[in-house]
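Working notes, structure below.
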Amino acid sequence: MNPFYFHAVNVILHCLVTLVLMYTCDKTVFKNRGLAFVTALLFAVHPIHTEAVAGIVGRADVLACLLFLLAFLSYNRSLGKGCVGECFPPTASPFFLLLSLLLGTCAMLVKETGVTVFGVCLVYDLFSLSHKQDKSSNGVIHQRSPQQPGSPQPSSPPAHPHRENGKQQRFPHKGTWGGCHPPLPPEPKSSGLPATPRAVWSLMRYLTASSNRNFLLTMRPFFKRAVLVISYVIVILYFRLWIMGGSMPLFSEQDNPASFSPYILTRFLTYSYLLAFNVWLLLAPVTLCYDWQVGSIPLVETIWDMRNLATILLAVVMALLSLHCLAAFKRLEHKEVLVGMLFLVFPFIPASNLFFRVGFVVAERVLYMPSMGYCILVVHGLNKLCTWLNRCGATTLIVSTVLLLLLFSWKTVKQNEIWLSRESLFR
């Protein structure tokens, strides 16, 4: 009954998650390995992870996060690298696809939130390859747009059309349509609309154009993967419910007071505010607690409650980030925002009270997986700020980031002292 070995295993698992997160960011998110390292460093020292790592019951969250990342990497490894016309590359390795299903199942059996990795994989597959589809259908036109009407076209494509920050993109641009599907009819000259409406309009025309009847044919690989994954998820969810006896767990009003409120408005406002509260814990982990139950967070019972401003601010920020992803729909750029949003939102959905009642008001351990998306978004934002600032401003930003990491480390150490005994924890 010595708890040392339980804690040692938890710390080792946390180190493994940190390393795998850095590898994931290096391979699928950032173009700079240094940014992947800073992301892993921020994840390693974040105080919100204290409960998941110091509490033995948090083993489920840490292990599920490790399996989550391995399943995502396996799914990404299973995708081929098709040519320009192949909007959705075929499944290059069925072994890695099946391995991702197995790892995702293990993640779900460890912790229910692990099943969200399948949604992350499919959305990542669809969005990143939809970028590819749009580039293949309009890439030549975009390359010619700087040319004056009637001017001769260059004999060779522009140098490094898909190269950013000195690193080659995943899909090489061949500059020709040979060996791929027939090109689309020429588009009219751009009307200067914003990126998002233009991308949506271009996609609608692509879907409805009579000359592109092979659209379903080009999407067949993705459809096959989507049907396989969705069917498999339905089966394992049924199996999970069967393990639970066909019913959801029962909780008391003490566990989750908002879910027992007779007023729909109170439940909606409180649930929405709790989303903002969880994001605030990630942004500023000043006040942490192992038990946010009963009356620790009063219910939001009226629209005039000032806490609704936090909910509105969160909604605006999330909407802007979503629009940012859509604005980059026609470019193989800003994958950092897409992956950050997926890692932040999807793992938190089971704990959001949206689909079923949960047995807590706020639980810091369930933020272990969503914090990966938070770290990716923060590091991406710091990198953008650093490129916009001058030398003095960039130096100040770097020093501030180092100071933030030191403060997070100090807070983590102090928070671990609280978990030394039951007495200190209850105090």
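First residue shown is number 1, and so on along the chain.
Glycine is treated like the rest: Cβ placed from N, Cα and C.
Since this is a predicted model, take the numbers as computed values, not measurements.
Marked as compositional bias 'Pro residues' by TrEMBL: 149-159.
Marked as domain 'DUF1736' by TrEMBL: 246-318. Here the domain 'DUF1736' (246-318) is broken down by DSSP into helix, strand and coil counts: 35 helix, 0 strand, 38 coil.
The annotation region 'Disordered' is assigned in TrEMBL to 137-193.
The transmembrane segment annotation in TrEMBL covers 6-25 (among others).
Per TrEMBL, transmembrane segment is recorded for 32-50 (among others).
Per TrEMBL, transmembrane segment is recorded for 87-110 (among others).
Sequence-distant contacts of the transmembrane segment (222-243) (same chain, six or more residues past either end, CB-CB distance under 8 Å): 88, 91, 97, 101, 105, 108-109, 112, 115, 118, 121-122, 125-126, 129, 216. The feature transmembrane segment is assigned by TrEMBL to 222-243 (among others).
The feature transmembrane segment is assigned by TrEMBL to 264-288 (among others).
Sequence annotations record features per position, and here TrEMBL assigns transmembrane segment to 308-329 (among others).
Positions annotated as transmembrane segment by TrEMBL: 341-363 (among others). Sequence-distant contacts of the transmembrane segment (341-363), counting only residues of its own chain at least 6 positions beyond either end whose CB sits under 8 Å from a CB of the stretch, comprise 51, 68, 112-113, 115-117, 119-120, 123-124, 248-249, 251, 255-259, 267, 271, 274-275, 277-278, 281, 292-293, 296-297, 321-322, 325, 369-370, 372-374, 376-377.
Under 8 Å from some Cβ of the transmembrane segment (388-408) lie the Cβ atoms of residues 38, 41-42, 45-47, 285, 382, all in the same chain and six or more residues away from its ends. The transmembrane segment feature in TrEMBL is assigned to 388-408 (among others).
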Intrachain residues whose Cβ lies under 8 Å of the transmembrane segment (32-50), provided they are six or more past its termini: 14-15, 17-19, 21-23, 25-26, 165, 167, 281-282, 285, 288, 364, 367-368, 371-372, 375-376, 378-380, 382-383, 401, 405, 408-409, 411-412, 415-416, 418-419
Sequence-remote partners of the transmembrane segment (264-288) [C-beta within less than 8 Å, at least six residues beyond its ends]: 46-48, 50-51, 258, 297, 299-303, 305, 307-308, 310-311, 313-315, 348, 352-354, 361-362, 364, 367, 370-371, 374, 408, 411, 415
